[in-house]
Amino acid sequence: MSDQDERTTYDVESVQQKWQQVWEKLDHFRADDDSPRDKRYALTMFPYPSGDLHMGHAEVFALHDVIARYWWQRGYEVLNPMGFDSFGLPAENAAIKNDEHPAVYTYGNIETSIASCRNYATSFDWSRSFNTSDPSYYKWTQWLFLKFMERGLAYRKNSPVNWCPADQTVLANEQVVDGHCERCGAEVTKRELTQWYFRITEYADELLADLDTLAPTWPDRVITAQRNWIGKSEGAHVDFDMSNGQRVTVYTTRPDTLWGATFMVVAADSKLATELVTPDRSAELAAYVAEVRKASDIDRLATDRPKTGVDLGVTATNPVTGEQLPVWASDYVLADYGTGAIMAVPAHDQRDLDFAREMRLPVRMVVDTGAEDPAVSFVATTGHGTYVNSGPLDGLTDKATGVHRAIEVLEAAQHGKGAVNFRLRDWLLSRQRYWGAPIPVIHCPVDGEVPVPEDQLPVLLPELKGADLKPKGTSPLGAAREWVETTCPTCGGPAERDTDTMDTFVDSSWYMFRYCSPHDDTQAFDSAKVNEWMPCDIYIGGVEHAVLHLLYARFFTKVLADMGLVDFREPFAAQLNQGFVINHGKKMSKSLGNGVRLGDQLAEFGVDAIRLTLVFAGPPEDDIDWANMSPDGSLRFLQRAWRLSGDVTSEPGADVTTGDLALRRVTARTVHDATELVEGYRFNVLVARVMELVNATRKAIDSGCGPADPAVREAVEAVAILLSLVAPYTAEEMWERLGHEPSVARAGWPAVDEALLVEESVTAVVQVQGKVRARLEVAPDISEVDLEAAALADEAVVRALEGKTVRKVIVRAPKLVNIVAG
RNA sequence: GCCCCCGUAUCCCAACCGGCAGAGGAAGCGGUCUUAAAAACCGCACAGUGUGGGUUCGACCCCCACCGGGGGCACCA
């Protein structure tokens, strides 16, 4: 390297090497539980260790680090942990392929990822790291399961469930996307199985209501997605007496249209259908159900599919009209929503109308909306209108009143009542796979489902590998006979262990608590410490977890609060979603061959330049198209900033009050604004402002106050500290060249002299008819009267007003005067 | 089909409570330096804010409609 190069650039690779070693020794990001400082908890969704870090990790870690490092600089004690969500299918599939244990793949990848994180200069506190597949962690996952079981929140039931034929395991509703497996994309089918569930529906109301408290600090789309998913609706339960003596309750959001009900439909695959069907129709029903079961969810989801069904042979009495209604079974009614049965009002529900047409059932309009009669138009009407043929509702014109009145009628007749219903279902948590936390339950022929006693936790996974793990539709754990066969903790007789493992979303539903006391082997977490650190002040992650993980973690927190273990009911006070890193307008993928390898980018431009590029690209939530980015430009800027530190000739601690005022103003303004820019997640603007400061400082050195002015030192030190949030290596190198001890990361936020923020004069714009006619330099505290007088006295303004009458003068001191004339 | 977010210069993006459309970067063009090039430094351009209405003294910003892009929900009674 020539002398000239040394003045203009630094060597990225050697600088990275150098500081990694220094930081290792400093250990300056370790969170102290007993610190007297105010505490902050910065959390990023922990990754699944699938190989090495990629561009997506690089982005989220860079964004996350800005906040964590900012908090340190502002004087907070910061908990900034990282670990790995290390149970899950990819490790298991790799193990099958390579005939090895999933731990080999998992822990190898974890090591690689940690090394990459260190190189990437993340400020994580590795002393708190753990992996969900460690027995010391999943012991407590199992313990929590037992606590849920004690509280009646974990239970087993037989039910049709989502089944992924490729992964050979059941899936939660949340893991089925458009009828496909969220993970592998295979078409999901239904199976009747006995599975474990968490009773998340018990918390549906609270999960929904508390979204309002999160709305100011959570992204809109997450709030909306959760609201939709929980799917609260209000209506009524209506009881129908059947011709066979049974009473069947339906759920409806339109009890006001009960007078227009002309038939009833029950879910074909429900128990209710088989109970109701008359003997002469039962064969037909069975055949129909068999056909329905064969159809995949994909087919079921097609809304334009012709309606099908079977007449069950029974009739139901309409509680308000006394009419006898035929009862049908169909697959357009879902067994697990509402009561699995509906009253059909074809005039005012398109689905019912389609079914009525198909089956030639009567259509009776009871709300006259002014539109054509649905019986003729075949278009159901759902809007407001005048009630007709509806007994006590006749003549009403408002839907809400109609609904209210109908519920009163039903309640008086003891044939129904107002009801709310949720779309949210219970969380199916059993999985027929190996690499997860075993469900800590023993099945005894005498005592039934017996929880494993707490002192026998963890229930360790049996050692299986390679071919033993091949999916065969039942849990691989079943093959480990010596593990399965055990004794009943209650009666001591022979019994078998549950062979399913837990959904990995269980593992990730409580890891943020564990970080507060990560190595405590006496409890899942230390409540006092958790209450000290939590809720997390910021949670950063991908919007793909808007419902899944975030809903589950919220549910867990509420249960833990009810158990008295934590004193808050929401785990994440604020949330930020980062966008994707894409390339040439498309998501990066192997099949498209448009992937950008993080390792290559880091090697070419260095860690700081890549971090800077990702942070500067735009608002954090926006996708970043790597093809539009210029890491090269980022590197040039960093070198430019670094060069400033070599130009400073004043000594550390020089008296800045004598420094160049203009530059001092820019510095003060930049540092002052940086605070709200970071706190508003406007990191891209922050970077732009630092660039501005660098430009101003360059100019001051070359053609202004010169390198010896203390204001230059003040400016460059501010640049180093602000850059420490984004480009830790460059900032550290600058700090050292400025004559300071490491680390700049803990240097503290630059002091701002408030007096410097007050401008000595501002430019006021004078408009005539909205057109700018003059600019006046005025005092910032000029009065409206004085400003107006000055404006009207201005030569250019006078000229513009010639021959016109001033009609109105709007004054917004000190920035603007608008004169309306004509 | 219903709901939410976003459309600013060639590109990525700023613009405070409704008050001069431009902070920053990329690409481009020109200059200084250089034998030359790169780097560095200096400078120059480039849009009237997707479209059409409305409110206002004044609209990128608020309201309505439409177009385009992204996302959520969707046979949930």
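Glycine is no exception: its Cβ is also placed from the backbone N, Cα and C atoms.
In TrEMBL, the annotation motif ''KMSKS' region' applies to A:587-591, one of the ranges A:7-11, A:347-351, A:587-591, A:597-601. Secondary structure from DSSP puts A:Lys590 (ATP binding site) in coil. The stretch in A:44-189, A:227-400, A:424-625 that contributes the largest number of Cβ pairs under 8 Å to the domain 'Methionyl/Valyl/Leucyl/Isoleucyl-tRNA synthetase anticodon-binding' (A:663-783) is A:44-189. DSSP places the residues of the domain 'Methionyl/Valyl/Leucyl/Isoleucyl-tRNA synthetase anticodon-binding' (A:663-783) in helix, strand and coil in these numbers: 69 helix, 15 strand, 37 coil. Take the CB of A:Lys590 (ATP binding site) and look out to 10 A: across all protein chains shown you find 7 other CB atoms.
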